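S.K.: The structure is given below, and queries will be raised subsequently.
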Amino acid sequence: MQTGAGKLHGNVYVERCSSARCGRDVRRRFPVRRRPDRLTGRACPTCGSPLTDSGIDFWQGLPERHLRRALEASRAARFSLVLGSSLRVAPAAELPFGKGGVGIVNLMNTPGDGRAETQIRSYAKIDLFMYHLMEALGLEHPRPGAVEGAEGAEGSEGAEGSEGGGLVSATQMKRLAAGRVKVREGFVGEEQRERDFADALLEVEAGLV
Ligand SMILES: [Zn+2]
């Protein structure tokens, strides 16, 4: 998943070390929840500094090594395929327009539509476009919902027990947490219910780390 990929604007399944010197990316099987202080409550396995989510806000610079990877890949590319991007945020929007041709698949118009490099322009949905592209290239299609292991995570103990290492979606996380919420006697107010649910979600996350 990480090999060679430059993830300019982060990944919900990746936490990032807050130490500028280390900056390690740590993969998670569950979506990392963004909090106001950006901290996830977990520590970097390499240097022990607090981990944050890996998202990028407008004021934040792009992670250098990811930008470098993306620049190298775009310079070397004979053809760039843009999938589901408005092509309006620099520098990412400029990356596909190097020496090679460009294909754009997006439901709305983009500033790249009329450019000389743009050889393919499709308004199809990405899944449909990729289905036909992979057919044409004779490549095996990924199975629908091929988030392996996530299936097994549906049971109340599944996620912790399964060694599959597949990704668990936000919806599946909520389902797992719902099965763990502390049972209380009598009336339980909404605030308490939310706190209990948050605790259960933390517990599920801890089991997947
Ligand atoms: Zn670190």
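A Cβ is built for glycine as well, from the same backbone N, Cα and C atoms used for every other residue.
Nobody curates TrEMBL annotations by hand; they come from automatic prediction.
Since the structure is predicted, the reported quantities are computational estimates derived from the model, not experimental observations.
Copying in the features that TrEMBL gives for the protein in this structure:
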- His9: active site, proton acceptor (ACT_SITE)
- Cys17, Cys22, Cys44, Cys47: Zn(2+) binding site (BINDING)
- 1-140: domain 'Deacetylase sirtuin-type' (DOMAIN)
- 143-166: region 'Disordered' (REGION)
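Mind running through what each feature is packed against?
M.R.: According to DSSP, His9 (active site, proton acceptor) is assigned to coil rather than to any helix or strand. Within its own chain, His9 (active site, proton acceptor) has Gly55, Ile56, Leu62, Ala92 as residues 6 or more apart in sequence whose C-beta sits under 8 angstroms from its own.
Cβ neighbours within 10 Å of Cys17 (Zn(2+) binding site), excluding its own Cβ and spanning all shown chains: 22.
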S.K.: Select one residue from Cys22, Cys44, Cys47: among these binding-site residues, choose the one with the most other Cβ atoms within 10 Å of its Cβ.
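M.R.: That would be Cys44, with the highest Cβ count within 10 Å.
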S.K.: Based on DSSP, tally up the residues of the domain 'Deacetylase sirtuin-type' (1-140) by helix, strand and coil.
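M.R.: Here the numbers are 28 helix, 31 strand, 81 coil.
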